[in-house]
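Taken straight from Swiss-Prot:
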DISULFID  Cys3-Cys43  disulfide bond
DISULFID  Cys5-Cys33  disulfide bond
DISULFID  Cys26-Cys44  disulfide bond
Amino acid sequence: ASCKCDDDGPDVRSATFTGTVDFWNCNEGWEKCTAVYTPVASCCRKKK
């Protein structure tokens, strides 16, 4: 599932969701792109 990274923009309707929901921690080579901590899932994005 896709999720909204912090820098995708504040407007949920017009924002592009560039993150991917990952359960627990992000995969290797990916980084968490939200400041909000949720224990079950992280919003991750491939490292540039």
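The backbone N, Cα and C atoms fix where each Cβ goes, and this holds for glycine too.
Neighbour density for Cys5 (disulfide bond): within 10 A of its CB lie 21 other CB atoms from the protein chains shown.
Each of the disulfide-bonded residues Cys3, Cys43 was assessed for Cβ neighbours inside 10 Å, and the highest tally belongs to Cys43.
In sequence order, Gly19, Thr20, Val21, Asp22, Cys26, Asn27, Trp30, Glu31, Lys32, Cys33 constitute the residues six or more apart from Cys44 (disulfide bond) in its chain with CB-CB distances below 8 Å. Rounded to a whole number, the distance between the Cα atoms of Cys43 (disulfide bond) and Cys5 (disulfide bond) is 7 Å.
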